[in-house]
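Quick look at what Swiss-Prot annotates:
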BINDING   Pro22, Met23, Ala24, Ala238, Gly239, Gly240, Gly261, Thr262  FMN binding site
ACT_SITE  His197  active site, proton acceptor
BINDING   His197  substrate binding site
Amino acid sequence: MRSQIQSFLKTFEVRYPIIQAPMAGASTLELAATVTRLGGIGSIPMGSLSEKCDAIETQLENFDELVGDSGRIVNLNFFAHKEPRSGRADVNEEWLKKYDKIYGKAGIEFDKKELKLLYPSFRSIVDPQHPTVRLLKNLKPKIVSFHFGLPHEAVIESLQASDIKIFVTVTNLQEFQQAYESKLDGVVLQGWEAGGHRGNFKANDVEDGQLKTLDLVSTIVDYIDSASISNPPFIIAAGGIHDDESIKELLQFNIAAVQLGTVWLPSSQATISPEHLKMFQSPKSDTMMTAAISGRNLRTISTPFLRDLHQSSPLASIPDYPLPYDSFKSLANDAKQSGKGPQYSAFLAGSNYHKSWKDTRSTEEIFSILVQDL
């Protein structure tokens, strides 16, 4: 495969092949704007906003102000998951009973009667004239990306017609082939090491090959070469990348760029808790992958509560994403409000989080360390 870096830099008008991962719940506009100002591509998580046009527009206007430029070198990231299945009311009810017991054991009052749908899915948008699609075409961010699957074909084509590049997260060769057949502009190859939610098209795939980032990149590049694909989408590597050496190792495959998330979490421009920050500064625990928190596999730093929740939650007993996230987020918040501390929280991070603390909370200094030899 021919090197994609120069084409990537020219297409997106950036100095470095660096994308900041969206990281819903931890990232901020300030973080995204700083990465863009420094010559990379900042990302704004939009998972909860696909039906909220005013909020999308406000976020992007505020981003422009922080960057001091209206070029909109930014990645707006949406979720394209399958909506929760109908006919699982009994599973949802048993999950609420499970949380009633957890609350009782913690000494906190439980009053939740149903699981709320925290995140709409962009997949439900099928009309290119939908207000959100029309707004995005007007706003013209450089990239609109999707996690958990592909949006509707007509929506992809409509956005691309306005010169917006469409990216999607993939975790294996089959998903890459789907993305290629859908004529996407870029694919984020998410390795098993990545923190946060696993981007599988199929939720909690029991046949997930769990390919590490290096192996996934090698697999896809080999496929591109063997299939004689002359104009592949931009290939972005993600997962476990924590320093300039790990970046250079992946760029040797001639891919376009890398996407980093966990390395930014200790920054003062991320919104992690003091307890989460301490885990970076003095790492003691491994990470774990579990679907019991949100309904989809995600990687978090392991804690006794999270291990117990995972071990006591067979996949068949877990409601569909994102329903369990409602009960989990409520518990984490209620525990803090009740003075129980952070023991019922999640601490999302990649498997190399213990290598991610750079002895600084400055985004600028972290960025400088990452690109020093690129």
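Sequential numbering from 1, following the chain as shown.
Using the three backbone atoms N, Cα and C, a Cβ is placed for every residue, glycine included.
Feature annotations (Swiss-Prot) mapped to structure.
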residue : record                       : Cβ contacts under 8 Å, 6 or more apart
Pro22   : FMN binding site             : Ser43, Ile44, Pro45, Met46, Gly47, Asn75, Asn77, Ser145, His147, Gly261
Met23   : FMN binding site             : Ser43, Pro45, Gly196, Gly261, Trp264, Leu265, Ala270, Leu348
Ala24   : FMN binding site             : Pro45, Gly47, Ser48, Asn77, Gly196
His197  : active site, proton acceptor : His147, Phe148, Ser294, Arg296, Asn297, Leu298
Ala238  : FMN binding site             : Ala21, Thr169, Val188, Leu189, Gln190, Gly191, Ala194, Thr213, Val258, Gln259, Leu260, Gly261
Gly239  : FMN binding site             : Leu189, Gln190, Gly191, Trp192, Glu193, Ala194, Lys212, Thr213, Leu216, Gly350
Gly240  : FMN binding site             : Gly191, Glu193, Ala194, Lys212, Thr213, Ser246, Gly350, Ser351, Asn352
Thr262  : FMN binding site             : Gly195, His242, Ala349, Gly350, Asn352, Tyr353, Ser356
Binding residues Pro22, Met23, Ala24, Ala238, Gly239, Gly240, Gly261, Thr262 (FMN) - maximum C-alpha distance in whole Å: 18
Cβ atoms near Gly261 (FMN binding site) (within 10 Å, other residues, all chains): 25
Three-class DSSP secondary structure - the residue listed as 'active site, proton acceptor': strand
